[in-house]
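J.: One structure coming up, written as structure tokens, with questions to follow.
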Amino acid sequence: MRTFPGGVYALTRETPDTERLLAEVEAALAGGVAAVQYRDKSGDVAQRHAQASELAALCRRFGVPLIVNDDLRLADLAGADGVHLGRDDASIREARIILGPAKFVGASCYQSLDLARAAQTAGADYVAFGSFYPSPTKPAAARADVALLARASRHIALPVVAIGGITAANAAPLIDAGADSLAVLSALFDAPDVRRAAAELNRLFAAEPEE
């Protein structure tokens, strides 16, 4: 089983403009993002399948995994590298049965170390916590404490992803606390230069941790 890569985890915006979507993701990949998550809950079935399939092919060119948010069937049909599941989605065990041992299964654990322990027991490949900062895409999301990342690093033997309002200006404390990956949407795809924004975030993982 592969280990989910650490670094910048790009979360795509929802858009019917597939050409724009692919151009933005390609720029993020060129900037060094480690993984991409396709998120779209409003498009029709045909659009979502087409976008996910094209993104999977694009990510393969860069050797970067494409994860599909919430939709196990789409992840399977589009040839994605895995699925990310929330508490109301399919079970981790079901995802593992359908996708097999070589694909990634990630789990949203919100602010709960207990959910992370359960996800690990069920066979997840990574766990995600948040929201750590106010999020433009999910303004009502409950906030997580940065100390949760340190506890997770001590007690969970899986890569830890931080999510929620993350920018290059506020990301360092999350990495210092134990985040292996930063899931980012607005700070990447609302930036005037997506490639440069990805590279700036990526450089944070090479910086020396603060004492």
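The chain as shown is numbered from 1 upward.
Yeah, the Cβs are placed from backbone N, Cα and C, and that goes for glycine too.
What you are looking at is a predicted structure, and each value in this text was computed from that prediction instead of being measured.
Sharing the features that Swiss-Prot gives for it:
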BINDING   Q37, Y38, R39, D40, K41, N69, S108, K138  4-amino-2-methyl-5-(diphosphooxymethyl)pyrimidine binding site
BINDING   D70, D89  Mg(2+) binding site
J.: Including all protein chains shown, what's the count of other C-beta atoms within 10 A of the C-beta of R39 (4-amino-2-methyl-5-(diphosphooxymethyl)pyrimidine binding site)?
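T.: Its Cβ shell of radius 10 Å holds 17 other Cβ atoms.
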J.: Just to verify: the residue among Q37, N69 with the fewest other Cβ atoms within 10 Å, which of the binding-site residues is it?
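T.: The binding-site residues Q37, N69 were compared, and N69 has the fewest Cβ atoms within 10 Å.
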J.: Max CA to CA distance in Å over the 4-amino-2-methyl-5-(diphosphooxymethyl)pyrimidine-binding set Q37, Y38, R39, D40, K41, N69, S108, K138?
T.: 16
J.: Check each residue in the chain of D89 (Mg(2+) binding site) that is at least six apart in sequence and keep those whose C-beta is under 8 Å from its C-beta; list them in sequence order.
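T.: Same-chain residues close to D89 (Mg(2+) binding site) (Cβ under 8 Å, separated by 6 or more) are D70, L72.
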J.: Rank the binding-site residues K41, K138 by how many other Cβ atoms lie within 10 Å of each Cβ and give me the one with the fewest.
T.: K41
J.: Which residues in the same chain, at least 6 apart in sequence, have a Cβ under 8 Å from the Cβ of S108 (4-amino-2-methyl-5-(diphosphooxymethyl)pyrimidine binding site)?
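T.: Result: H84, L85, G86, R87, A128.
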J.: Name, in the order they occur in the sequence, the residues of the same chain whose CB lies under 8 A from the CB of D40 (4-amino-2-methyl-5-(diphosphooxymethyl)pyrimidine binding site) and which sit 6 or more residues away.
T.: T12, E14, Q47, R48, Q51, N69
J.: Return the residues near Y38 (4-amino-2-methyl-5-(diphosphooxymethyl)pyrimidine binding site) by Cβ distance under 8 Å, restricted to its own chain and a separation of at least 6 in sequence.
T.: T12, Q51, A52, L55, L66, I67, V68, N69, A80
J.: Tell me, how many other CB atoms lie within 10 A of the CB of D70 (Mg(2+) binding site), whichever protein chain they belong to?
T.: 19
